[in-house]
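Here it is, the structure, as structure tokens.
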Amino acid sequence: MRKMLAAVSRVLSGVAQKPASRVLVASRHFANDATFEIKKCDLHRLEEGPPVTTVLTREDGLKYYRMMQTVRRMELKADQLYKQKIIRGFCHLCDGQEACCVGLEAGINPTDHLITAYRAHGFTFTRGLSVREILAELTGRRGGCAKGKGGSMHMYAKNFYGGNGIVGAQVPLGAGIALACKYNGKDEVCLTLYGDGAANQGQIFEAYNMAALWKLPCIFICENNRYGMGTSVERAAASTDYYKRGDFIPGLRVDGMDILCVREATKFAAAYCRSGKGPILMELQTYRYHGHSMSDPGVSYRTREEIQEVRSKSDPIMLLKDRMVNSNLASVEELKEIDVEVRKEIEDAAQFATADPEPPLEELGYHIYCNDPPFEVRGANQWIKFKSIS
């Protein structure tokens with residue numbers, strides 16, 4: 001009898017030590033998956049497009065929610081650090097566009113490739129880098145993903161080729177990466193992203209032509225957030241049907257605020273490229289909450305009411321949250337716990353990013369050359385000992 005009472009006491013004391021919300025979540029039975037209807041994509045030169053229904057598992061839903069919430073909180077922390085003058089220089093935030101970076105990653109393989117423009121923080125995270133490495137790069141510290149030398153626009157990870165500062169210049173590079181995939185006989189694709197502001201660049205159309213001519217496994221992706229700096233798409237383009245811009249290249253127009261739409265469209269586009277049919281073009285209709293960059297308040301060319309309307313009706317995190325709660329894939333309490341954990345992760349990363357030392361002056365020339373080639377090959381001044389170390 002005493003042993004039984006002791007065992008019961010241990011069980012009850014263990015429950016008492018846990019927060020009530022955790023006990024409630026642990027005892028609740030959730031659905032393993034749910035089927036959702038998603039918006040049909042507009043098609044160009046395609047007879048069939050991505051499915052209009054999709055299955056979301058509880059595991060994937062929780063993962064997507066955590067990732068989008070992490071990107072959102074990371075960008076808000078970057079905004080705070082910039083206003084405190086801890087982050088300097090160019091800084092472009094992507095809050096509001098989380099469904100794009102998380103949804104694209106959900107539709108490809110880790111071995112696939114991705115290159116984008118300067119609004120790159122979210123993609124850097126979804127490609128596998130930690131919040132610590134990203135925030136430390138923003139603050140110019142040694143622990144940053146580019147050793148503190150790249151900043152906001154020049155971050156890199158495995159199979160992620162940046163952050164590129166020149167408008168539209170990454171698109172021919174993306175076609176080149178796709179060429180390498182085909183040349184090496186690899187079943188890989190390259191996601192090549194650019195914004196609506198870059199969509200009128202001539203080099204993009206040249207890349208279209210070469211990719212179609214050589215049937216490269218390249219997914220050209222226009223992130224249409226409706227404004228190129230402060231210019232609306234209607235004032236910048238004679239045709240705002242960016243998914244048709246490839247002309248001879250098939251295209252999709254996708255709801256870029258819905259992570260499930262983005263995921264299914266990406267899977268469809270990747271399968272198209274892997275089949276050897278050549279490139280395909282995706283237009284993601286999305287929206288950024290911040291201005292173009294930190295120097296742009298974002299309300300001189302659009303109203304606060306417009307921004308608030310998008311937040312209230314189309315926010316990608318809220319859309320996923322509502323779906324999961326209403327389909328018994330998760331509870332409000334469980335998602336709140338994730339929010340708390342994400343905030344703590346961001347705060348810890350921010351402390352690291354402000355306490356980590358800056359790179360010393362003697363390391364200014366490090367990481368320029370690969371495999372430490374001799375001076376006569378690199379053509380450098382003999383008295384400047386540039387080094388290449390990893």
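A Cβ is built for glycine as well, from the same backbone N, Cα and C atoms used for every other residue.
Swiss-Prot lists these features:
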{"type": "BINDING", "residues": "H92, Y118, R119, A157, G165, V167, D196, G197, A198, N225, Y227", "note": "pyruvate binding site"}
{"type": "BINDING", "residues": "Y118, R119, G165, V167, D196, G197, A198, N225, H292", "note": "thiamine diphosphate binding site"}
{"type": "BINDING", "residues": "D196, N225, Y227", "note": "Mg(2+) binding site"}
{"type": "MOD_RES", "residues": "K63", "note": "N6-acetyllysine"}
{"type": "MOD_RES", "residues": "K63", "note": "N6-succinyllysine"}
{"type": "MOD_RES", "residues": "S232", "note": "phosphoserine"}
{"type": "MOD_RES", "residues": "K244", "note": "N6-succinyllysine"}
{"type": "MOD_RES", "residues": "K267", "note": "N6-acetyllysine"}
{"type": "MOD_RES", "residues": "S293", "note": "phosphoserine"}
{"type": "MOD_RES", "residues": "S295", "note": "phosphoserine"}
{"type": "MOD_RES", "residues": "S300", "note": "phosphoserine"}
{"type": "MOD_RES", "residues": "Y301", "note": "phosphotyrosine"}
{"type": "MOD_RES", "residues": "K313", "note": "N6-acetyllysine"}
{"type": "MOD_RES", "residues": "K336", "note": "N6-acetyllysine"}
{"type": "MOD_RES", "residues": "K385", "note": "N6-succinyllysine"}
{"type": "TRANSIT", "residues": "1-29", "note": "transit peptide"}
Which three-state DSSP class does S232 (phosphoserine) fall into?
strand
Between Y118 (thiamine diphosphate binding site) and G165 (pyruvate binding site), how many Å separate their Cα atoms?
5
Provide, as an integer number of angstrom, the distance between the C-alpha atoms of G165 (pyruvate binding site) and K336 (N6-acetyllysine).
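So the Cα of K336 (N6-acetyllysine) lies 37 Å away from that of G165 (pyruvate binding site).
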Spatial neighbours of S232 (phosphoserine) among the binding-site residues H92, R119, A198, H292, defined as Cα within 10 A: which are they?
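Checking Cα-Cα distances against S232 (phosphoserine), none of the binding-site residues falls within 10 Å.
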Which are the residues of the chain, D196, N225, Y227 excluded, whose CB is within 8 A of where the CB atoms of the Mg(2+) site average out, their centroid?
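Apart from D196, N225, Y227, the close residues are G195, G197, E223, N224, R226, G228, S232, V233, Y287, R288.
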Within 10 Å of each Cβ, count the other Cβ atoms, then let me know which of the modified residues S232, S300 comes out lowest.
S300
Looking only at Cβ atoms, how many others are within 10 Å of the one on A198 (pyruvate binding site)?
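Within a 10 Å radius of the Cβ of A198 (pyruvate binding site) lie 20 other Cβ atoms.
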Please give me the CB contact count at 10 A for K336 (N6-acetyllysine), counting all chains in the structure.
12
Taking the Cα atoms as reference points, how far is H92 (pyruvate binding site) from S293 (phosphoserine) in Å?
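Pair distance, Cα basis, whole Å: 5 Å.
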If I take the Cα of K63 (N6-acetyllysine) as reference, which of the binding-site residues R119, A198, H292 has the closest Cα?
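Given the candidates R119, A198, H292, the nearest one is R119.
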Let me check the 10 A CB neighbour count of H92 (pyruvate binding site). How many other CB atoms are there?
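Its Cβ shell of radius 10 Å holds 23 other Cβ atoms.
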Counting other Cβ atoms within 10 Å of each Cβ, which of the recorded positions K63, R119, K244, K267, K313 scores lowest?
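Counting other Cβ atoms within 10 Å of each of the recorded positions K63, R119, K244, K267, K313 gives the minimum at K313.
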Would you count the other CB atoms within 10 A of the CB of Y118 (thiamine diphosphate binding site), including those on all shown protein chains?
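The Cβ of Y118 (thiamine diphosphate binding site) has 22 Cβ neighbours within 10 Å.
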Sort K63 (N6-acetyllysine) into helix, strand or coil using the DSSP assignment.
helix
Check the Cα distances from R119 (pyruvate binding site) to each of the recorded positions N225, H292, Y301 and keep only the ones within 10 Å.
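The recorded positions passing the 10 Å Cα test are H292.
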